[in-house]
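If you look up TrEMBL, you'll see 113-142, 173-197 marked as region 'Disordered'. According to TrEMBL, the compositional bias 'Polar residues' annotation covers 173-184. Here TrEMBL flags 326-618 as domain 'YjeF C-terminal'. Per TrEMBL, (6S)-NADPHX binding site is recorded for G426, N479, F480, M481, E482, F483, T484, R485, D548. Per TrEMBL, the feature ATP binding site maps to 519-523, 538-547.
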Amino acid sequence: MQANTTRGFLWSDVETRTLLNIWGEQDIQAALDGNFRNSFVYRDVSRRLGAMGFERTPEQCRVRIKSLKRQYLLAKEGNLRNNGQYHKICKFYDTMERILSNRPALDPQELIDGGAGGEEAVDGLEEDGEDAQDAYPGSTDECPYPAETEVKLEYPTVPIPIPVKVTVGNNSASVRAPNSSQSAGALPGRTPKRPRKRRANFPMEKLMEQFLEQSAQAEESFYRAEEQRLQAEDRRRDAEHARELHMLQMLGQMFSSISHARGGAAAKLAPSACAPVFSSASPSCARGQSSHLRQHPSQKGCLPQHMFERYYNLGSTSQRGMDDDIASLVRSIVPPLTSKKHKGQDGRIGIIGGCQDYTGAPYFAAISALKVGADLSHVFCTKDAATVIKSYSPELIVHPVLDSPNAVEEIEKWLPRLHSLVVGPGLGREESLLKTAKEVIEKSKVRDIPVIVDADGLWLVTQQPSVIQGYQKGILTPNFMEFTRLYEALHHEPMDSGDRQRSVMQLSAAMGNITLVLKGEQDLITDGSRVISCSTEGSGRRCGGQGDLLSGSMGLLAHWAHAASAAGKLKSVNPSLVAAFGACSLTRQCNSQAFQRHGRSTTTSDMIHEIGSAFKKLFES
């Protein structure tokens, strides 16, 4: 699941209108009016835009809104001087007029003719705190079009029928009158009246069109340059990562040769004696920086812990070799299919989610668990979503109890029959539903069953981290935006996007070493002590519902992994790590196979059809 980290900066008309519809909502405008810094408001705008299929960062949304305001003000000023016909040059003039009509009235003429007053007027619209001069270029020293020239004409106090010819230029005016010397001689002592003002008639509409065109071209050039800079930064990080990988491989080979050279003494050591003793895992270790090591006296031939950990995580011979090693652990937890089993023995999975707006997500999660190998899938949803979800598939057991007054009691009586729980797909953010989900998670922790939290369930964790903090059978599956929001909520500082491995380890440690999966170009899986990277090839197709396929299959694999661990099949390995790696590999393989068949038209339903063959290829061949 590759993340598009270098998304283009150009906006389509559909995308811009969607942005304006979100930005113009009453709650967004009220939030902008009531805050000095509005970074969180634009994050919410970006999130809502992403929910409609347009992935934009909060900064891109803020810059686009700022550009639209500038165009609107220029067009409105043109309306004042051109009898209301000037708004045709601003494509979204009517939409902006509708949104801003409820705000304090502005006089666009004052924005151009006034000095400080123009700046104050613009500042009224720039609620996110930028300088008013950025909002409208007319308030700066450099004006993009010629200013109007006022021509002063002097007339004598006594009317004299002398024709006057006036020549008006850009910055000067000359007055020529025939026999002017005679007229001056005739009235030697007269004091002229105060000059009358006249305005030159410039083609303002044409100048304004040129200015808007140049402004759009400059903005487009800036975005292109910024995109090139981001691409160059990505290439630099990739090259740095490759150099680090090469260095670690060389060090691993060096330590391996030293260990083999010592021969018999090392061979006689017990496996536990050769295991390195770790110092406390720290962010500096995760980044490959220097740290103090502690080793047992009998371990002089063994690889140091932090070196072994990085060497293993990045690949002793290759990344594919590491994936194969962990895939073999996933194969070991898959229960065999025999005729001696009864219904429900291989897995009964519960999905908490599904409301009037979101009915597809809980279906995708539940049907994916069935396709992977679960015997029964239960969906606990709201009453108005139940009929819709039932119509998708007769294989699902649907309980319309999530919005009932006694929802917790209704769900709790089913918990003894469930092997794992997936919370979040299609849950929504209504306060009552989130409260119910929180209480169900608490009841599940008491019963010690695996809990996978995804989608809107992660919004609940961001607001109340203690609901899942420290629960070792819990797994969080955030995408990059959800991860950033959760990281900032716990650490109260921006995340270092340049070192995501360090960031995921820090967040997992802050959550009590809970297993965490950061979905992206390479899925990063950690339990706070080590980071596993799943690099199974997927595709560039990013359709909605893939995360639900991941969470549903992970719910079943988590049950299998913890059951295998209890039976002694998994030793000294975190079962949640194995389950998370298996689900990530399976989702990526389904994506790849579906994309080979359907290309750009691939949907999550196409991926679900590939679960059987992908599972067989990965874990049964």
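Just so you know, glycine gets a Cβ as well, placed from its N, Cα and C.
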In whole Å, how far does the CA atom of E521 (ATP binding site) lie from that of F480 ((6S)-NADPHX binding site)? 10
Can you tell which of G545, G547 has the least company, meaning the fewest other C-beta atoms within 10 angstroms of its C-beta, among these binding-site residues? G545
Determine the C-alpha span of the (6S)-NADPHX site listed in the record, that is the greatest distance between any two of G426, N479, F480, M481, E482, F483, T484, R485, D548, in Å to the nearest whole number. 21
Across the binding-site residues (K519, R541), the Cβ with the fewest other Cβ atoms inside 10 Å is that of R541
Whole-number answer please: how many Å between the C-alpha atoms of K519 (ATP binding site) and G426 ((6S)-NADPHX binding site)? 18
Rank aside, I only need the closest one: which of the binding-site residues D523, S539, C543 has its C-alpha nearest to that of G426 ((6S)-NADPHX binding site)? C543
Cβ-based isolation winner (fewest other Cβ atoms within 10 Å) among the binding-site residues G426, E482, C543, D548: C543
Closest by Cα to T484 ((6S)-NADPHX binding site), out of the binding-site residues S539, R541, C543, G545, G547, is G547
Which number gives the other C-beta atoms within 10 angstroms of the C-beta of E521 (ATP binding site), all protein chains shown included? 15
Determine, to the nearest whole angstrom, how far the Cα atom of F480 ((6S)-NADPHX binding site) is from the Cα atom of D523 (ATP binding site). 11
Do me a favour and check the Cα-Cα span between D548 ((6S)-NADPHX binding site) and R541 (ATP binding site); whole Å is fine. 15
Tell me the Cα distance separating E482 ((6S)-NADPHX binding site) from S539 (ATP binding site), rounded to the nearest angstrom. 22
Alpha-carbon distance [C543 (ATP binding site); E482 ((6S)-NADPHX binding site)] in Å: 17
If you count other CB atoms within 10 A of each CB, which of F480, D523, S539 wins among these binding-site residues? D523
